[in-house]
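S.K.: The structure that follows is given in the form of structure tokens.
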């Protein structure tokens, strides 16, 4: 048997990383959908805090076992990341509450153009025409199969803007911090997960009460609800880790573009497990268009000149320099 080349090994690692992220992301969405839609647990912010609690426990165990080496992340960088990440979580929840589902989906699609802007401005990336067109096809396809009713209001627009920019900043910052401070995925999670756990578990119950008018401590925690919460937290370890690995190995834009495969899979699994209501020709064509765009993006961006850095500026998204 011929030895595996370095390029083949990298391709296998890349594919494995994407599969890991897709499986854990789709899994946690389906579990959370069952937890919230079927069992009425609507405390999304607090649940995210619990996710980071189990992720923190994982990083502590890995460090204790010697798989994670000590590393340093300056406190100001950690605080900035925590602000971006928590604003993203709260912003997305508020955007969903104040906007129609259609406008909420459109806002989520706007994350990719914002990330492209960051890569052009801060990393001096340039995209070929084929790469740009493939991104547009992905956005169009996902939009066709997810956007239905669209209504806009002032406060909803403001919440969507905060959600889009904070999510883009958080995902860009994952790649930025890993490269600047030579941090692996476990190392970066070891710094950020405890901070997000502490902040979300403290603020989460208040945010959830504001969003739902229900108290997390007054909920009836039946054995099946506790089972789904624990399962969600376990899967979240893989989701959080795989996100950092993917963005570290690729870029935030590639993570978002190819990550829309998760949207398609969630739609398909939703039709399978929760009924076929809403499945029609428009949705099917949108899914097909999105998949074609993802394949096109993967091919176009990997070609010479498809997506390349013209220089290596060390800029930060706050002030344009380090």
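A Cβ is built for glycine as well, from the same backbone N, Cα and C atoms used for every other residue.
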S.K.: Using TrEMBL as the reference, determine which range in 43-66, 115-138 is annotated transmembrane segment.
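M.R.: Comparing 43-66, 115-138 with TrEMBL, transmembrane segment matches 43-66.
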S.K.: So what's the mean pLDDT when you look at the domain 'Sugar phosphate transporter' (23-297)?
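M.R.: A mean pLDDT of 85 is what the predicted model shows over the domain 'Sugar phosphate transporter' (23-297).
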